[in-house]
């Protein structure tokens, strides 16, 4: 605490005089696992001092922060509201009174400011008054909850004219225990109730045992050789414990707390603590587990955040035992020393080191604590590890905040110094943890975290609805409402939070009653409708038939038929409760009617028909359709009626055995199965008609153990039900043993008697007195699918992870105790293998209506199954703890997905950034299509950055909502640009000429404006759906998700249409311009691939939100695809794009002189000279090189294929004319057609370069004079000295009209306008020969 108490003994006296505190521990378990009268307490896997922030104290699931600034009520409420949505405190129980009495006297300054008149006294609570006609109402804020339990001091509340100005405070005259009224404008101190530190602590169970018992669950009696010890140590003392040589400490129980109004006396009789620290067990385990001796100094300082206000009352109660020492094992990379594992951080950069408070939290997250007083041998290992990392001086925190030191490691030497006074000082940390073992906290049964009872009931509080509204600012108490909603044909009007909405049940002609639905106080969202009062009219009609004593087999048939029809239409909660009630009444009626029948065959037929119909009704109530309606019932009603239904079905099995004439009969349903066997007592063998390991004609699998040759064979029988998925198996003792233990009941009679013979401590042995009764022995088997879920308490972090199986003899409501050496054994198949742990064998206790482990033992277990043995007969199952998200992502899988997401998104972000840079900074790539690429990459880049940085920032509700909105906007914008990818492809195919003005402005307006409108509308209507407690994204359980899904569906559908049109055109047109169509096909492939990637990615993303086992596979697919979007875009549009590659190479060559030419097939042999010739030209002309790549991608450069060199020209024959054969021109014509004037090397249709040289080549032999050749060789030398012939090279401003043909033009139509010779356009200066033909310069 921040300071010592001023009046500890005065508090003690007042406590004795003024109140009686109930001995109810605030940390009691919700499900008791303790045996022999032990008390179950909740313990945390996080050690002490890690739950609350600094300068605060932990109490009942919350942290309380005291502030000395004086404020009026409104300012105090606003101050707390701004502190992570904290609230003012509330006193609603005797435990609260005891806490605040001690806490406030310790915290409120003893010397108030001298200038304050009157001096400040006490703190504000969350309660204030409201004028309500002639009386005052007292309301709790925020939420406007009506206060029902008050704790007024004597003479309170005072009378005021205007109660709107009156608030409730805790003041010193009542020792801060009772309520007093004061004007809200008076200044008082402030205490804020805030949520504890969000450390993923696991809460487990520990047992406080009565005297004489020990073990983790009080399962053993204390003996001297076990060295069992229960020890009490006052908080002002040091704790010590030691074991003999060769033995180590095992901690079974530890709780640091107090008994209010009882000062600690170490020799006094131990009683239950009225308050305790949930971190006690882990703290003591860290200090003592596995050691021969241990010591904890200054207990009050170690457990400084204990909610018990008076240190003089606090004490540590422990129960330890000494066991043979076991060699512990630590994870790889950790230092192992003296039964402890040590992990350490080594950072020389102070910014990466931790403060003392952060270091505590860091160690606590792994269940450990900061090292204290390391011995020399351990220091040597620490020094070695430090020297292996760095040669600099490294500082480590040692001890606790109240007893802190700095360990300095420099080279091979160590030294200690006092901790710096500044709370912002940083150092490295060494964490000490206990090796994992069966005694570790993680191996204990899990429990729900201890919760403030006020918070537990907050969702069901009554809201003030008086005639006059409270005068509270909206910033403190803004009313919230559940929106109008239509569900299952019922319209629920807008309802204020914390209010109950009531509606008549639908279909009033066939259904009677009302349906209610509650608007949750804390979330302002509708809860599940309660249809318990909605019942079809046939239920009442059948109740009347039972009262009229109509034939029970007819009633059961009608119920079965009506129930089936109801499930096919609409089933309500009242139908379930009514049918269970009918089933129980029909069972009693059947006993009465069948017992008076004398005709044996008639009695058997009636009993069989009744049992089949009753079983059919039970099967329908266990169906998946009915399971959703079961969930609408409250937990108490659901468990009560499910337990009754299971009991009725079990009793019906033996009822059939009473009247059957066959020795064996079974009934198989979809959701349950049963078999009943009947045998006469003189028959010593049991089930002899069955063959070993075979399935009989009635569907039962029977495995008979081999019986030795003896007059009375002792054979065990194994039963399973193949008709049920994952059916358990049950192995029973011999028939003769079961017959001797059976306690038969009369065939006729009234209701069953419920006995618990297996609770008798005296087992029935093999030498029991023989049973002389000659009545038939009835043995029933049954297995159920679905009862585990219905009988499970959803609030205790456990689940029934198997089908339910059981057996009974003579009476299903009476259990028979079996000898310890002849138990019944089971093998259960686990329904869920992910996110569960700690299997326990349990049976259903009808008297207590809960699962119990009494008499059952776990034999063996694996991830898929468990084996159990029990010493009694009833219904059994496997109970397991929920250690993760069941059936979804948990543990290592979630961590693996996080790693994959982080690495994949990092690579994707880099690829997207590179793509944006390429499409932005290369001017020759800037066109409409690449603008679409660039913006697509930019939107995905921002979206993935926001995803990585903010997806899990759920601490700040507003910030989380902003992250969700940004993700929604940029992902929608990405898909809009993806739509334009397909649209641009479509426009390229249907337009002959591209319009001169670009539509890029409209593109920007569409892709950035449309998503903004969609997001603005959805966020404005349903802002609360953006961001959840688990992730910063749209709540997938709300209709708002369709604001994202619907546009994506439309965009994907439109793009598919565009791509199909483009594919149809490409496949239907036989174009001579193959290169152009090759370019279109390439773009088509890229667009289709990208569309599939983006579309499939979010399809799997949506499926990931679907609950079930397949969600895991979808999560992996979505994670991988989402993280590789940027990589695919970079590969498709940059790496595999020839034009982009050429631009990048050309850019690189401008800065790197000797960079090799590209080896692309589109350029070699056409655009480059050989390396040898280039070197010769450099020497021959200027002695330096010029770039030889003339690409059509560059609008400023010509494209001149090189066909001749100077060396070739010099070897021509010395004659006046050269005759060129016709074949050469044929080759030349082919060269022209396949020259680099193809579409693949032209960026857009409007990027046609002008003809630099225009020549016409006739297919007749061409005569070229030597003089012209020589003149041409001098005139056409390129800068490197090579002679080139420029054939059909085009120029941007060429005075040539290119002929274009519409899509679908046939080859003949194109060919009719082609000539077998190319047009020759002579340069203006070309002379005309005498024959009328022009001279040509190549």
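Note: Cβ is positioned from N, Cα and C throughout, glycine not excepted.
It should be emphasised that the depicted structure is a prediction, and the values quoted were computed from it without experimental measurement.
The signal peptide annotation in Swiss-Prot covers 1-19.
The topological domain 'Extracellular' annotation in Swiss-Prot covers 20-901 (among others).
Residues annotated as domain 'EGF-like 1' in Swiss-Prot: 25-64.
DSSP assigns residue 40 (disulfide bond) to a strand. Neighbour count (other Cβ atoms within 10 Å of the Cβ, all protein chains): 22 for residue 40 (disulfide bond). According to Swiss-Prot, the disulfide bond annotation covers 29-40 (among others), on the basis of sequence analysis.
Under the heading disulfide bond, Swiss-Prot lists 52-63 (among others), citing sequence analysis as support. Secondary structure from DSSP puts residue 52 (disulfide bond) in coil.
Look at the domain 'C-type lectin' (59-193): DSSP puts its residues at 29 helix, 47 strand, 59 coil. Residues or ranges marked as domain 'C-type lectin' in Swiss-Prot (evidence: sequence analysis): 59-193.
Residues or ranges marked as disulfide bond in Swiss-Prot (evidence: sequence analysis): 80-192 (among others). Remark: residue 80 (disulfide bond) has 86, 87, 88, 190, 192, 193, 194 as non-local neighbours, by Cβ distance under 8 Å and separation of at least 6 in sequence.
Summarising the annotation, Swiss-Prot assigns disulfide bond to 167-184 (among others). Long-range neighbours of residue 167 (disulfide bond) (same chain, six or more residues apart, CB within less than 8 Å of its CB): 73, 124, 125, 127, 128, 129, 181, 182, 183, 184.
On the 0 to 100 pLDDT scale, the domain 'EGF-like 2' (180-219) averages 82 in the predicted structure. Positions annotated as domain 'EGF-like 2' by Swiss-Prot, on the basis of sequence analysis: 180-219.
Sequence annotations record features per position, and here Swiss-Prot assigns disulfide bond to 209-218 (among others). Listed in sequence order, 34, 35, 36, 37, 38, 207, 209, 210 are the same-chain residues at least 6 apart in sequence whose CB falls under 8 Å from the CB of residue 218 (disulfide bond).
Per Swiss-Prot, domain 'SUEL-type lectin' is recorded for 233-322. Taking DSSP states H, G and I as helix and E and B as strand, the domain 'SUEL-type lectin' (233-322) has 16 helix, 35 strand, 39 coil.
For 728-886, the entry in Swiss-Prot reads domain 'GAIN-B', with the evidence type sequence analysis.
Residues or ranges marked as region 'GPS' by Swiss-Prot on the basis of sequence analysis: 841-886. According to DSSP, the region 'GPS' (841-886) comprises 0 helix, 29 strand, 17 coil.
If you draw a 10 Å sphere around the CB of residue 868 (disulfide bond), it holds 28 other CB atoms from the protein chains shown. According to Swiss-Prot, the feature disulfide bond maps to 841-868 (among others), an assignment based on sequence analysis.
The number of other Cβ atoms within 10 Å of the Cβ belonging to residue 870 (disulfide bond), over all protein chains shown, comes to 23. The disulfide bond annotation in Swiss-Prot covers 856-870 (among others) and is backed by sequence analysis.
Look at Swiss-Prot and you will find 902-922 (among others) tagged as transmembrane segment.
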(message) Given a 10 Å Cβ-Cβ cut-off, pick out the one of the disulfide-bonded residues 52, 184, 192, 209, 841 that has the most other Cβ atoms nearby.
(response) 209
(request) Take the transmembrane segment (902-922) and find every residue of the same chain, 6 or more past its ends, with a Cβ under 8 Å from one of its Cβ atoms. (result) 930-931, 933-934, 937-938, 940-941, 944-945, 947-948, 1119-1120, 1122-1127, 1129-1130, 1133-1134, 1140, 1143-1144, 1147
(message) Quick check for you: of the disulfide-bonded residues 29, 40, 841, 868, which have their Cα within 10 Å of the Cα of residue 856 (disulfide bond)?
(response) 841, 868
(request) Sorry to bug you, but what's the C-alpha spacing from residue 29 (disulfide bond) to residue 52 (disulfide bond), rounded to the closest Å? (result) 22
(request) Give the residue from the disulfide-bonded residues 29, 856 that has the most other Cβ atoms within 10 Å of its Cβ, counting over every protein chain displayed. (result) 29
(message) So if I exclude everything within five residues of the ends of the transmembrane segment (931-951), which remaining residues of that chain have a CB under 8 angstroms from its CBs? That is, six or more out.
(response) 901-902, 905-906, 908-909, 912-913, 915-916, 919-920, 959-960, 963, 966-967, 970-971, 973-974, 977-978, 980-981, 984, 1000, 1003-1004, 1007, 1031-1033, 1125-1126, 1129, 1133
(message) Quick check on the topological domain 'Extracellular' (1021-1040): DSSP residue counts for helix, strand, coil, in that order please.
(response) 6 helix, 2 strand, 12 coil
(message) What whole-number Å value do you get for the CA-CA distance of residue 29 (disulfide bond) and residue 868 (disulfide bond)?
(response) 25
(request) Cα within 10 Å of residue 870 (disulfide bond) is the criterion; apply it to the disulfide-bonded residues 40, 63, 841 and give the hits in sequence order. (result) 841
(message) Summarise the topological domain 'Cytoplasmic' (923-930) as counts of helix, strand and coil residues per DSSP.
(response) 6 helix, 0 strand, 2 coil
(message) To the nearest Å, how far is the Cα of residue 40 (disulfide bond) from the Cα of residue 63 (disulfide bond)?
(response) 24
